Amino acid sequence: MPRSQIGHLVAVNKNLEEVASLPKLPLFHGPNFIGRNDVSVPDKRLSRKHIALTTSPDGSADLLVEGTNPVVIRSGEVRKKLVSREKTAINNGDIIELIPGNHLFKYVSASTGEKKRNFSEANSNEQSPKLSGKRIRNQGPKNEENSADKLKAEDKNSNQEQNSVEAIRGFCVSNDKLPHTFRLLKVQGLPTWANTNSVSIGDVIEGDVLLAVLSNYMVDIDWLISACPKLEKIPNVLVIHGEGDSRLDLMKRSKPTNWILHKPPLPISFGTHHSKAMLLVYPQGVRVIVHTANLIYVDWNNKSQGLWMQDFPWKDQSNSTKGCGFENDLVDYLSTLKWPEFTANLPSLGNFNINSAFFKKFDYSEAKVRLIASVPGYHTGSNLKKWGHMKLRTVLQDSVFDKEFQRSPLVYQFSSLGSLDEKWMAELASSMSSGYSEDKTPLGIGESLIIWPTVEDVRCSLEGYAAGNAIPSPLKNVERGFLKKYWAKWKASHTGRCRAMPHIKTYTRYKGQNLAWFLLTSANLSKAAWGTLQKNNSQLMIRSYELGVLFLPSRIKVDGPSREFSCTDKAGSSKGTGKSKSSGNPIPAMTKLVTLAWQGSKTSEVIQLPVPYELPPEPYSSQDIPWSWDRRYSKKDVYGQVWPR
């Protein structure tokens, strides 16, 4: 049940005049945290949660100073200074100085707001996707340009099928189909329709978790626990990370005592542990989550991101189930991480040694995706095809696709560009183009496009130029002549994410709005992530750890009701098996993967994937400049800032 909006904070200048170029910050019933990410100009004196404003339905509010620096409240002619942990009541019209003399906001309650409009209704935006008083962290003066009129203008050169306005509004997936698709992460400040079926971290880490393995590159433990307090109550937590020594010291000081921190070995220089995944063990089974977000605030609030998850039951120990491709890939990958084995007592289940082999105890036979992982090393022999782009090549070669995908185009979309050359791009395209049609004909090499934000995209984004910190590619990598033919625009009107810069990484082969396959992964476009063939193609060298999930057409039963196994929904769980239940004789049908903009009859075998960008992509114009983070940009962003600051 969404919280009702009680009022908002309005940015004002020192003359107490409203700063119309800055967004209003909505305040909802209950506690609201305001801090560093809510101001237009970065200020290290502010904490992420500098103040807590607790509002009541009658419009009254209490303010508690959470940060270390003082706050000033101005009520009429009275000016009151509060230090850390001090609390006071505030009234409609009071001025809050987050830092004395700086970052001024006026509190406006809904009951006395302009025209006494209904705030909840005004912000639901069901009739109009135009933002009005939405709380947008790190957003500048331009409101989210997602109105239907704006979208139609942007789409004037594309037909309605290709760019269905607000298509994500209709993204509704039954529980039994959720593992067949993925979801986008919620983005703060977007209209309600744009976050349809999107998820937050609290939506996936839920229920009676006995053991959690959190794999990531960047980890902010303070934020993580504040965003998901349940983590503090989980008795066994292993964090596998890629942080450097300076951050590691901070993590050690911040972590709960029962948490174990581990950085996997990096045997080849310039490698990273970049995989983003979670393994949550429950009394009923295990939840496997693969996603694209670092465990930091901005990644779960301001960026375009993706997440897939599926629950699997414990194996029936009396009937040992043979491993499947998903299990073998998962356990092989986990074994390379080499975390220190530890013993965990799982209530009602017993004591277990937690190592990679522990995860063989679950039945993955109903897995709806294939894992595509990278691990550092020089891979030869049978290991040549286990990792990186050679693993993708192998899985695609074993798959059969509709003949419409013969020589169909490819899209590479990511957030960091490595140092590339044409030879390696051809090597990657060979893997990405693998597969056969039903008549055994190879699909053939497809034309590739790279979706990459322009400088203007970043400048006008929700975060302004600051969004470019998470698109960290230097000029020397971006402005290589041969790349010009690949560039295509980040256009995401149908998901409301034009201004939410992508941190998601996806690779796909498509024809119109039909998808041959789709990969959601942590892997950027780099040799370090995907690997490069050496020694006459007999060796694959990979520097980094990566993990992704590959969606392929598969056979499903479509004749009767089915129930997907769940670790958290009692109605959807059953002991010892993850098999779907259906009545009568099952009729297998091949699934069809499509985008949200696909037009057609949504039968059981049609699987919609919320691809955030529009297909086909629009190539760069002569005026478009690809973003690189080490250039100077003098044109001010939506915060009035230049780059670098």
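A Cβ is built for glycine as well, from the same backbone N, Cα and C atoms used for every other residue.
Just so you know, TrEMBL annotations are computer predictions that nobody has curated.
Noted in TrEMBL for the protein shown:
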type: REGION; residues: 116-162; note: region 'Disordered'
type: COMPBIAS; residues: 120-130; note: compositional bias 'Polar residues'
type: COMPBIAS; residues: 142-158; note: compositional bias 'Basic and acidic residues'
type: ACT_SITE; residues: H274; note: active site, nucleophile
type: BINDING; residues: K276, K505; note: substrate binding site
type: ACT_SITE; residues: H503; note: active site, proton donor/acceptor
type: SITE; residues: S526; note: site 'Interaction with DNA'
type: REGION; residues: 561-586; note: region 'Disordered'
type: COMPBIAS; residues: 570-584; note: compositional bias 'Low complexity'
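The most crowded of the recorded positions listed here (K276, H503, K505) is K276, judged by how many other CB atoms sit within 10 Å of its own CB. Residue environment of the residue listed as 'active site, nucleophile' contains 26 other Cβ atoms, counted within 10 Å of its Cβ in all protein chains. Here the CA atom of S526 (site 'Interaction with DNA') lies 12 Å from the CA atom of K505 (substrate binding site). Rounded to a whole number, the C-alpha distance linking H274 (active site, nucleophile) with the residue listed as 'active site, proton donor/acceptor' is 13 angstrom. For S526 (site 'Interaction with DNA'), the count of additional Cβ atoms within 10 Å of its Cβ stands at 23 [all protein chains shown]. When the Cα atoms are compared, S526 (site 'Interaction with DNA') and the residue listed as 'active site, proton donor/acceptor' turn out to be 15 Å apart. K276 (substrate binding site) sits 12 Å from H503 (active site, proton donor/acceptor), taking the C-alpha atoms as the reference points.
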